[in-house]
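The feature active site, proton acceptor is assigned by TrEMBL to 152. According to TrEMBL, the feature ATP binding site maps to 58, 107, 108, 109, 156, 157, 170. Look at TrEMBL and you will find 154 tagged as SUMO2 cross-link. Under the heading domain 'Protein kinase', TrEMBL lists 29-281.
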Ligand code: AMP
């Protein structure tokens, strides 16, 4: 039975999770309040008893995973995320399971979802957006250097750490380059998908550049550029014709960066290293502090 235990989040993680490679079980954790609900279960605040280390414990129900046929996807997600180490990528410390559930031991993102913050504020100021985009760019440089394509960048998959730093928190659609069929299934939310995926063509890590452009637009304008609430078809057509309309309040530098990322031909999108040097980023993000928080 879960022992419900509420504790002070603010005093957390001056500790290290003990024996990172050990075989975990539920008995190793005190379980606190629910942090949120996902598609296949819930996420709880939890503390490892031995070290006092505070984590987020994601509980997934095996029956739900089987019903949706996502067991292989979860295995791939765990394998990929478990091997990544970057300040802007949510750590997956380990996992364990019992008869009916799988538990993922995740880094706690103390400030919750970026999506909620964007909803609360409507849109971000350009300096805030620039810092988030710089952090995303650094995380993607790291991911691509590890030959991982994320493929599902959107505010719902981004979490915020204790100091407001951005953390990519969901690797459900990520793949390793060269491992899978590059014509693989349509994935992610239509609003964030690049032309090559919606048209079912081969795709590479350049899909993440397109999604970064959509993310920047949504941060500054409050909604993704090709969204049509009534028609999936319209969104599809607007994506493949790159029917981009940028509102007047968006600065010249930000518009330029958006236009250089939302390019139909994937090979012509601005590479990650050039994003970091783009005037929209350099205007707000001091040299050498690319992964810092707000
Ligand atoms: P998910 O199943 O990943 O969609 O998670 C469901 C909800 O739990 C999210 O929307 C977040 O609000 C919360 N959550 C998930 N992972 C974490 C985490 N590592 N730290 C804090 N909150 C989280």
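Using the three backbone atoms N, Cα and C, a Cβ is placed for every residue, glycine included.
Unlike curated records, TrEMBL annotations are generated automatically.
TrEMBL feature annotations superimposed on the structure.
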{"residue": "58", "record": "ATP binding site", "Cβ within 10 Å": "22"}
{"residue": "107", "record": "ATP binding site", "Cβ within 10 Å": "19"}
{"residue": "108", "record": "ATP binding site", "Cβ within 10 Å": "24"}
{"residue": "109", "record": "ATP binding site", "Cβ within 10 Å": "21"}
{"residue": "152", "record": "active site, proton acceptor", "Cβ within 10 Å": "21"}
{"residue": "154", "record": "SUMO2 cross-link", "Cβ within 10 Å": "19"}
{"residue": "156", "record": "ATP binding site", "Cβ within 10 Å": "16"}
{"residue": "157", "record": "ATP binding site", "Cβ within 10 Å": "23"}
{"residue": "170", "record": "ATP binding site", "Cβ within 10 Å": "18"}
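Checking the binding-site residues (107, 109, 170) against residue 152 (active site, proton acceptor) with a 10 Å Cα-Cα cut-off leaves 170.
Screening the recorded positions 108, 109, 154, 156 for a C-beta under 6 A from any atom of ligand 1 leaves 108, 109. When secondary structure is read from DSSP and collapsed to three states, residue 58 (ATP binding site) falls in the strand class. Between the alpha carbons (Cα) of residue 154 (SUMO2 cross-link) and residue 108 (ATP binding site) lies a span of roughly 19 Å.
Residues 58, 107, 108, 109, 156, 157, 170, recorded as contacting ATP, have a largest CA-CA distance of 17 Å. Here the domain 'Protein kinase' (29-281) returns a mean pLDDT of 93 for the predicted model. Residue 156 (ATP binding site) carries a helical DSSP state (H, G or I).
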